[in-house]
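Quick look at what TrEMBL annotates:
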type	residues	note
DOMAIN	9-55	domain 'Enolpyruvate transferase'
BINDING	LYS22, SER23, ARG27, SER144, SER145, GLN146, SER172, ASP291, LYS318	3-phosphoshikimate binding site
BINDING	LYS22, GLY69, ARG98, GLN146, ARG322, ARG365, LYS389	phosphoenolpyruvate binding site
DOMAIN	62-398	domain 'Enolpyruvate transferase'
ACT_SITE	ASP291	active site, proton acceptor
Amino acid sequence: MRVRLNFPGKEVHGEISVTGSKSESNRLLLLKALLQDLEIKNLSNSDDTRVMKAGIEKTSGMVDIHHAGTAMRFLTAYFATQPGCDVVLTGSARMKERPISILVDALRALGAAITYTEKDGYPPLHIKGTSIVKHEVTLDADVSSQYISALLLVAPNLENGLELTLDGKITSLPYIKMTLALLEQVGVKTDFTSNVITIAPLKKNETKVLTVESDWSSASYFYSIASVCEQASIVISSYKPDSLQGDSVLQEIYRDLGVGSAFMEDRLMLKRVAETEQVSMMKLDLANAPDIAQTIAVSCFANGVGCELTGLHTLKIKETDRLEALKTELTKLGASIEVTNDTLYLKAGGDIRPEIAIDTYNDHRMAMAFAPLALKVPIIINDAGVVSKSYPGFWDDLASLGFEVQEL
Ligand SMILES: O=C(O)C1=C[C@@H](OP(=O)(O)O)[C@@H](O)[C@H](O)C1
Ligand SMILES: C=C(OP(=O)(O)O)C(=O)O
């Protein structure tokens, strides 16, 4: 699907109900499989959660999780620690390029039986589930927090729990904290002191009902829209001020681009008025919130604001090399942009070329991050269906805000 986006009006007003966080959903699905008595409300309707749900029900044969990083990492740990499971866990062509040896090495050190069926260090994996009795392991923490969350999530089910030592600078830390918070919510004892995380085994748990908060990474596109439009009021739900999601830092970040946030119970009002000042340069370290880097870079470009984004080293191993993809597509639109392995620098100002076709590289966030530019110029998004990885209803929601979304 290829779409042309245009915005005929001058103001954006509307109300959107955003699907559940895919990060919280995929963690809770794993905990439900391990601990049984768990009812999950507001589960994400994303492809990534769909494949996680289908995958976790399997005990043998091929399990294909397509593009879902969390499902790949979480299910690796799950199958490896379930005696009797014998599966080949695979994914999309891109998933076969996303490294997994840090997690596999840690699981093997604990006694797991995992082999690579194609290239060493990358999916697919042949996993034979075993009972794990060892409980101490060390792993590198600077490549992906998902390896750590995967181990933490299965830890209460291990004979002796887990003591995990994290080596190096911890990346995407809020996602580790989210994992620990959800473990605590289902009754697991956890401790995170200095660089050591300890998880106690859980033998018995009570029935719990947990409600997934809506996805903050998805909220970023509405923050971006509000920042680009000089008169905007967009209400998004269901959110809470004490979020487990690190991307809730959007509330602070977008204040500098003129967007105010106010809670009305579980609804969040994003407001922008023309008189609100915007900074001329955004300097941000996004090591704790990598998924909103694309949104912020495009917001800055659309607003003529410069930016210097650091802490982006994980972007190269996500759905695509997001730094190269941003550079290529923003350059097509007329931006002056430089990237390194972990930084992005965008020069302030400049015109935006109309009717440019944006390539999305199988990356949902490329499609959604560029969409707000339609408030400035008509824009074409190639392979627009990619949004279903995290936000299947995105184009319908955009249309409900007054965007013309025309299928070409
Ligand atoms: O644990 C999670 O739910 C996630 C962790 C982050 O990945 P990294 O830890 O690989 O940066 C994030 O980018 C991803 O979208 C979701
Ligand atoms: C990086 C992402 O997902 P994952 O790593 O889980 O595929 C994302 O949703 O931006």
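Cβ coordinates come from backbone N, Cα and C, glycine included.
Sequence features, as recorded in TrEMBL, placed on the structure.
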residue : record                           : DSSP (3 states)
LYS22   : 3-phosphoshikimate binding site  : helix
ARG27   : 3-phosphoshikimate binding site  : helix
GLY69   : phosphoenolpyruvate binding site : helix
ARG98   : phosphoenolpyruvate binding site : coil
SER145  : 3-phosphoshikimate binding site  : helix
SER172  : 3-phosphoshikimate binding site  : coil
ASP291  : active site, proton acceptor     : helix
LYS318  : 3-phosphoshikimate binding site  : coil
ARG365  : phosphoenolpyruvate binding site : helix
Spatial neighbours of LYS318 (3-phosphoshikimate binding site) that are distant in sequence (at least 6 apart) but have CB under 8 A: GLY69, ARG98, PRO290, ASP363
Maximum Cα-Cα separation (Å), residues LYS22, GLY69, ARG98, GLN146, ARG322, ARG365, LYS389 listed as binding phosphoenolpyruvate: 20
Counts of helix, strand and coil residues, the domain 'Enolpyruvate transferase' (9-55), according to DSSP: 23 helix, 11 strand, 13 coil
Integer average pLDDT (0 to 100) for the domain 'Enolpyruvate transferase' (9-55): 96
Which of ARG98, ARG322, ARG365, LYS389, all binding-site residues, has a Cβ with the fewest other Cβ atoms inside 10 Å: ARG98
Using Cα positions only, nearest of the recorded positions to LYS22 (3-phosphoshikimate binding site) (GLN146, ASP291, ARG322, ARG365, LYS389): LYS389
Contacting binding-site residues for ligand 1, chosen from ARG27, GLN146, LYS389 when the Cβ sits under 6 angstroms of any of its atoms: GLN146
Candidates near ligand 2 among the recorded positions GLY69, SER145, ASP291, LYS318, ARG365, judged by a Cβ under 6 angstroms: GLY69, ASP291, LYS318, ARG365
Surrounding CB atoms that lie within 10 Å of the CB of GLY69 (phosphoenolpyruvate binding site), all protein chains: 21
Count of other CB atoms lying within 10 Å of the CB belonging to GLN146 (phosphoenolpyruvate binding site): 27
Rounded to the nearest Å - Cα separation of ARG365 (phosphoenolpyruvate binding site) and the residue listed as 'active site, proton acceptor': 8
Packing count at SER145 (3-phosphoshikimate binding site) (other Cβ atoms within 10 Å of its Cβ): 26
Number of Cβ atoms other than its own within 10 Å, given for LYS22 (3-phosphoshikimate binding site): 27
